[in-house]
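**Q** Here's the feature list from TrEMBL:
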type     : residues : note
REPEAT   : 22-107   : repeat 'Solcar'
REPEAT   : 113-206  : repeat 'Solcar'
REPEAT   : 214-308  : repeat 'Solcar'
TRANSMEM : 20-43    : transmembrane segment
TRANSMEM : 82-99    : transmembrane segment
TRANSMEM : 119-139  : transmembrane segment
TRANSMEM : 214-235  : transmembrane segment
TRANSMEM : 288-310  : transmembrane segment
Amino acid sequence: MISTNKSSTDMSDSSSAVLLSYETLVHAVAGAMGSVTAMTVFFPLDTARIRLQVDENRKSQSTPIILAEIAKEEGVLSLYRGWFPVISSLCCSNFVYFYTFNTLKRVMVSDRSKPAKDLLMGFISGAVNVLLTTPMWVVNTRLKLQGAKFRNEELHQTHYKGIFDAFSQIIASEGVGTLWNGTLPSLVLVFNPAVQFMFYEAMKRRAARGGRKISSFEIFLIGAIAKAIATSATYPLQTVQAILRFGQYKSDGKGGLVGSLGNVVSLLMDRIKRHGLLGLYKGLEAKLLQTVLTAALMFVVYEKITAATFKLMGLQKKLKH
């Protein structure tokens, strides 16, 4: 009986050690810092993407033309409107994702990692991330579009004084549940980072065969390819996600899972009816430019920070390929 209790205690201590490990924390911080750095560099591309997704009457043109229009009509600084809330959300989101992913990696990968395991870990990490950070993304979508000059006259301006004011106004006027608008497509969009990390880990393992050291350029290229595949596969749902987060879509009033699913299907069908099948991919050019370049740079910074930190602290970086 005593040995059973001891075994149970040892298992509990082992699980806690994995969950609270220094290495996992380093991965999480490096992932957060990498994403913040990359998003800051390519932020205007995200501004162009979200305008095209939400404002149906804005003509889909090349990304440089869209950016020039926004800068001319609203000022150059408008290209970075909503930077702080987006960066705050992204920092928290990537910290949660990398922490969960690397915790699962330490627990689930006993010998050799496989694409199926990478995909499963990506799904779980993405679901945890969505449920914890969706309210922040709803708020930053509102702030990013505040002051925008819409082509669609049905869209009205919002007046928030900052992150906390946006939270309080949304809760007071629309209810707490509004902070989780777009959760269903977001959960489906867990496919995006899951597929991205599956391809990233697989290509990185292939490049590192025989103990070969991977260059920064190769990491950049691997990250770019992985993100391009994931983004192209899930883009229509990202458009629906952005519209729901903005909060000005008039639904049929049904709540719960059925209502959420109905809103997603209704938005997809409405977009196809108005603009054809290609309407589901409006803004894809800007999205690919932004996410592919951002993801590629993020992985380079992430790998460099983790390697430098482990080296500085005298720890051996144990990657299970």
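Heads up, the Cβ atoms here are built off N, Cα and C, so glycines get one too.
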**Q** Sequence-remote contacts (6 or more beyond its ends) of the transmembrane segment (288-310), Cβ cut-off under 8 Å?
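**A** Distal contacts: 23, 26-27, 29-31, 33-35, 37-39, 41-42, 45-46, 48-49, 63, 94, 98, 196, 200, 216, 219-224, 226-228, 231-232, 316-317.
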**Q** Taking every residue in the repeat 'Solcar' (113-206), what is their average pLDDT?
**A** 86
**Q** Helix, strand, coil residue numbers for the repeat 'Solcar' (22-107) per DSSP?
**A** 74 helix, 0 strand, 12 coil
**Q** Please indicate, using numbers and ranges, the residues of the same chain that are 6 or more beyond the transmembrane segment (214-235) and have a C-beta under 8 Å from a C-beta there.
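**A** Contacts of the transmembrane segment (214-235) (Cβ under 8 Å, skipping residues fewer than 6 from its ends): 188-189, 191-200, 203-204, 207-208, 280-281, 284, 287-288, 291-300, 303-304.
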